[in-house]
Amino acid sequence: MNTLTMATQDPVRVAIDYLLAHGGFLSLLGMPAVLAIISFAYRILHLRHNRQPHTYGRTNTIYWPTQIFISLASLALIVLAISQCSGDAPSLGLVPAALLMLVAWSTALVLNKKEHAYEVRSSDYLFAYFFVTIATSLLSLYILNDHALPSEDDLGVIASYISAYHTLSAFTLLIAAAFAVESFPRSGTQVQIRAREKQHLSDFELANAFSRITFHYIHSIITLGARRPLKATDIESTMLPDLHTKVNYDRVGASWEKSKAKAAQFGKAPSYLFAVLRAYRAKIAVGVSLRLMGFAIGFLPTVLFSQLLKFIRDYSDAVHGGTGLPPPIHVGLLIAAGMFLSNMTASLLAAAALQTTTEVGCQARAATVALIYAKALKLSPAARQKSTLGEITNHMAVDAEKMIIASNFMPLIFTIPFEFGISMYLLYRLLGWSSCTGLVVFAIITPIQAKMGAFLNGFANTRLEYMDERIRLLTEILSNIKIVKLYGWEDAFRTKVEEIRAKELVALKWLATIRALLTIVFSSVTLLMALATFSVYATVGGPNMTPGKITSEVIFVSITLFGMMSKPLGMITHMVSQTIGVLVGCRRIQGFLLMEEIDSSVVLRYSRQVPSGNSPTIAVEIQNGAFAWEQQKEETTRSTETDDENQPLLAGAASPTVYRPTLNNINIRITDGSLTAVVGRIGQGKSSLLGAIMGEMYKLQGTVKVFGDIAYVPQQAWIINATLKDNILFGKPYDQEKYDHIVFASGLVPDFAMLPAGDQTEIGERGINLSGGQKQRVSLARAAYQDADVYLLDDPLSAVDAHVDQHLWSNLVGPNGMLSNKTRILVTHGIHHLEHVDQILVSKDGLISEAEHYDELMAANGAFYQLIKEYSVGQKKKKARNDEDKNKVGESDSEDDSARNTIVATEETAKKDDDDEDDANGELVSDEKMVDGKVSWKILMVYARAVSLPKAIFCIFMFIAGQAVHISTNLWLRKWINDTEESERTDSTLHPVSYYLLGYGGLVLLFMFFDVLINYVSEVICGIQGSKVLFNQLLNRIFRLPMSFFDTTPMGRIVNRFSSDIDSIDEQLPEEFNDLFAFMSIIGGALFLVAYSTPTFLIMIPPLGIVYFFIQDYFIKCSASLKRLYSVSKSPLYQHFSESLAGVSTIRVMRGLQAQSLAQNQARADTVANRMYVYNLANRWLQVRVELLSSLIVFLSAALSVLKAGELEPTLVAVALSYSITMQGFINYLIRTVNEVQNILVSVERVQEYSEKPMEAPAVTGVPLSESWPQQGRVVFKNYSARYREGLDLVIKDASFEVKPAEKVGIVGRTGAGKSSLTLALFRIIEAADSYWSIASDPSMEGKQVDYEMFHSGNGNGGSIEIDGVDISTLGLRDLRRHLAIIPQDPTLFAGTVRENLDPFNEVSDADLWEALERAHLKSYISSLAGGLSYEVAQNGENFSVGQRSLVCLARALLRKTKVLILDEATAAVDVETDDLIQKTIRKEFKDRTILTIAHRIKTVMDSDKILVLEKGQVEEFESPSRLLKKPESLFYSLAQQAGEI
């Protein structure tokens, strides 16, 4: 028998002969079959014993074809074995291999049957064996065809091998057919449809192995996204079980608790990052392993490239030099094919690794957001002072977000050394010890990188601190934007934001500079390493320290390896930056998670006691209690002067006085079912008492016991952005009868009738479209619906009018109300209900000074007696009429006012529901706007203009020039090689080595210079400039937007733009644009070289280009939709978080609300996680397809070089192929970067969207106005009409009246009458109907032009308002608002000093400030604070009581020397005594000013010069109160009668 032939010059034959000599086909085909048999048997047993059949049926269109093809393939194996047994040729192990395969595929028939019965997707076991069988069968066919042929005269052996070849071919085709059928997607089959419906399986769980590897299961969404903009419902089926927030919250939470426990043992701080890494260590290990495998296989193309260059060199020498026979062409083609396959395998592994680590990032982010939210609900009072809403939102929006990005970069800590090590090993084999020179260069560079990294860390921390401060301030401003506008403080607050932003930009500039320098170091380091290595190699790198031989294989394979090293080394910058970012973020999150939590053991909670005998049961008991809003610090002595009833003084405020608790020596017993009233002046500890009962304060001593569930109604009603019904139910099951009863008792029936969609009307953020009284009644209804045992009511009746007050008392709160069998503790500033309560607690200086029944307190003739006698006007009249009122008031709310028994003065704040402002369906806040399709060129130009076009063009030019220099370095090396070879052939003199090294070194230094310039200009100059311009445009526009925008836009959406979107523009966009231009220049240069060296390749560029652009365009449409969906999904998360923090006390105290809120947060976080997951899946889909095409380019370049090997210059081919291999990765990076730029430009688009919103009227006009205007204070309304938005009904209708100078006018009217709308009109918060600015500033006019001539034609038909003869519509808003004064219903303080809260423009002397505080009855209190006027006010003024905030607003009005003052229910939150003081101050200090007053307490307006009665937006009465009181039929008369004033 003839032996197998072998061509010594063919390495492929060497490898195959080795295989045939060591088992032959038995090793190639039989060993996989043995492994398959074992695996199949295990799988069958596993399904039988551990799984249940799914009962969804069987997909016969896939099952039967697969079974038939496998059966036919098994028959082919039988034929193969029989034919070889009876043939003349040696089997080379083919017979036993065929028999083993027969057993394996017979077992596969059984397994396939079981898989269809137990699983709804194809078997991974079968998929793997299909793939292995096809691969080994094809290799076997190649061996049989080309390597196993004996000499020509043995015809029997030849016939036997031919028969085996044909039979094995048939087997391979049948298995391939079965594989194709089995790989067919099953998403449309009945089995998977039923499984999806019943088991809620995701697309990934239903996808087969092929679909998972290639990410084909996301293809349907990509296709849909290319056809039309994606909707949220399109991607709901993609959510993986592992991505659910609850799962990850539990996992990371458990790991965090372990870390805390372990750290506590050693007295160290726990690491949150370590806790996260430990929670996902298994998945991280899989991701890193896949990356390492991918990178290892990724080096095979370079090894094969060396063989390819040797092949081309040998072929060229054989053809041109006559050195022998050229090597076979198929060898070169196999090398090219090997490069293609290894590239594709590496790409698939890299994509799988990237997806795995990205999923870890998504999981970690979801868990972190949930942990932050859960922690925020547990913060102690002191911790809440230290962490503002803006800071905590930043933890969610920025710090947690970094985990997703860092998840892709942190594994580089392991993979970069691995890649670097393989590169150095291959370089060592190529260049010997000379390669170590490169290590020396790297060792010199590393300390520089470490130092730069330390700087990065510091500036990253600084930048985030400023960002926190900026977001905190913006959040506070946006929360109180109406107050900012009313006071005309936009400029002051904008300046404060800009000052913080300027500091942030300085830190950002240093951050970008260091990052640019790091990029410079590592993009050029491989050139420096190559320069140093070639210098040593060319001089002493050969044997025995002789000069090394310069060849194309040595130089260009080395260049390729150095180029491959440039990727990991270049990524060091990003890796360090992102790792530092996540370290900083995790430390910040860690600090937050370690903050002090509220002590749940402060209050002992028991179930409601069952009455036994005649002894009363206790509902609330406090024994010897002392409570404070802040903890006592041992190292310092501080005072919390307890004129503060809500929050303590700031922790940083030092005081020489001795620490004193807010409440002291508290001993109370409240019986079950009783009604207890808590009274006292503002700041005396009334609300703090409720806080102590709820466990919201620090307990210094004593015990607190509560028997039963608690419901809490805060002083400032907590309303969420939902329907009215949802605000009442608040997660409780709907009970029609109970609901109707509560709605009636809460006095909401007439409100439901008035609202456009009844209880389905959507309520805006913070209840913006409800009046103060409506919000309070909704809050009461919610508490009642909770069906608790103990009700804590913090002055809920102060915000409602007299008749509503009586209705609530009679039907809900009072002795005969529906809560009469519940325990009620009512904090109240009113005194007219006190005689009907069971017990009165008098709070004074943090003590309960008196605690008795009303009659007993009156008999004692103490302070309480004096208060009642002095301030209870008409007490006897009211008492005599009490029964009558009880009968009337329930009817008067719902009846038409023709009966004249209806009380007309009702509560109203500046609100939008004065008329039917909402749409007919009750929706107020619409879904966030999303632009369809790709980001337009217009947005790109917006960013280019922000950067400045000349700078952008200069950057592009520098990138092209830099790449030209980079190419020149390799062309210079080519010249060196050609000169060396020419010298060897002609025996001519070669230039000295120094000539080539100096030329190469000069080009390297020139490239580094360009690199320095490019990175600095693109990231530092252009990037910072673009960020600055876009931020300023957004900030300026936000301050100039009309109030209607803020009423209908959740604050979370605006904050999202100032946090996430601006952060993307600040950091990501400059980096991505830098990468984009770099990749474009690299690829352009590579294509030029490939086309120049192999002109035939030019034919392939058009079709490949078309395919690339098709994929990119196809993908980007979908990607843009996904990015937008992801961006808008974050706003509801932040909004819910903001709402939860506003009502955190309510959430904590009411049973079940904490778990409900956590579930709602997790549901929103799930939406964010799913959309981010799908977005990343789409990127992996793109990556696999682009890298397939990139591998195809390398294959075509290599194959064309092989086919033209005899015609091409080897060194030029070496340069071109070197660049094509390097280009492969950059093409993928380019398309991903183009996509990433598109997606980040969505942030620019979102910022630009708000930067183009219609503005309100100008801040300044050309109308001259003296500083003393208005000098008289005459206010004239002339046929004035107004509406809140175009298309809505008028809220003020043809109002005409005149307020004379220094006249005091009281304004009354029912809910929706237009009282507050009238005051808003004075400040031009709303404009005259159909006037130019009412139309031009309307949201519906976005992008439209308005005829300016309307402005000159009498303000449309909306009339006018004149102050001292000046039409206010001709004035700038700043001029107008700063010349008027207002004390609003919701008193607002801002974070900053007391001085800044009184005088933000720093225009008033300290003496004047103290004088104003003295007149406002605050001087003694402010003087007692550490720092006095410099005392720091907490966010939203939380360290001042509501009453104290009202007095600060009074001081502001005193400072503003204006002739017109508006009081918008300004004393609703203060006690009657303080109210009287304020009224006396107003009468004394504002005696020469015009005053317009809206008030609930009729006594407040009884001494007015005139009363203005509004009804449905129209002026009904305008006369002096004395004249109106003489008319029993007047509306005002009925009001005064109800209030007991007559």
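Our numbering is plain: 1 for the first residue shown, then up by one each step along the chain.
Placed from the backbone N, Cα and C atoms, the Cβ positions cover glycine too.
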For the record in TrEMBL, which of the ranges 164-184, 1193-1213 is the transmembrane segment one? 164-184
When TrEMBL is consulted, the range among 440-460, 1448-1468 described as transmembrane segment turns out to be 440-460
Who are the chain neighbours of the transmembrane segment (1097-1116) in space, where the CB to CB distance is under 8 Å and they lie at least 6 residues beyond its ends? 222, 226, 934, 1087, 1090-1091, 1178, 1181-1182, 1185-1186, 1189, 1192-1193, 1196-1197, 1200, 1227, 1231, 1234-1235, 1238
Look over the recorded stretches 285-581, 640-870, 1275-1537 and say which has the most C-beta pairs under 8 A to the domain 'ABC transmembrane type-1' (953-1239). 285-581
Top partner of the transmembrane segment (550-566) among 20-42, 288-309, 409-428 - counted as Cβ pairs under 8 Å: 288-309
Could you tell me whether the transmembrane segment (440-460) and the transmembrane segment (124-144) are in contact, taking contact to mean 3+ Cβ pairs under 8 Å with a sequence separation of 6 or more? no
Within the same chain, where does the transmembrane segment (62-82) have neighbours whose Cβ lies under 8 angstroms from its own Cβ atoms, ignoring anything closer than 6 residues to its ends? I mean 6 or more beyond. 94-95, 98-99, 101-102, 105-106, 108-109, 112-113, 116, 122, 164, 167-168, 170-171, 174-175, 177-178, 181-182, 184, 186, 189
Under 8 Å, at least three CB pairs between the transmembrane segment (288-309) and the transmembrane segment (329-354) (pairs 6 or more apart)? yes
Contact set of the transmembrane segment (329-354) with the rest of its chain, CB cutoff 8 A exclusive, min separation 6+ beyond the ends, reads 10-12, 213-215, 287-291, 293-295, 297-298, 300-301, 304-305, 307-308, 311-312, 315, 408, 411, 1180, 1183-1184, 1187-1188, 1190-1192, 1194-1195, 1198-1199, 1201-1203, 1205, 1224, 1228
List, by number or range, the same-chain residues at least 6 past the transmembrane segment (440-460) whose CB is under 8 A from its CB atoms? 507-508, 510-511, 514-515, 517-518, 521-522, 525, 528-529, 532, 569, 572, 576-577, 580-581, 583-584
Tertiary contacts of the transmembrane segment (409-428) (same chain, 6+ residues out, Cβ under 8 Å): 284, 287-288, 291-292, 295-296, 299, 302-303, 353, 357, 435-436, 438-439, 533, 558, 561-562, 564-565, 567-569, 571-572, 574-575, 578-579, 582
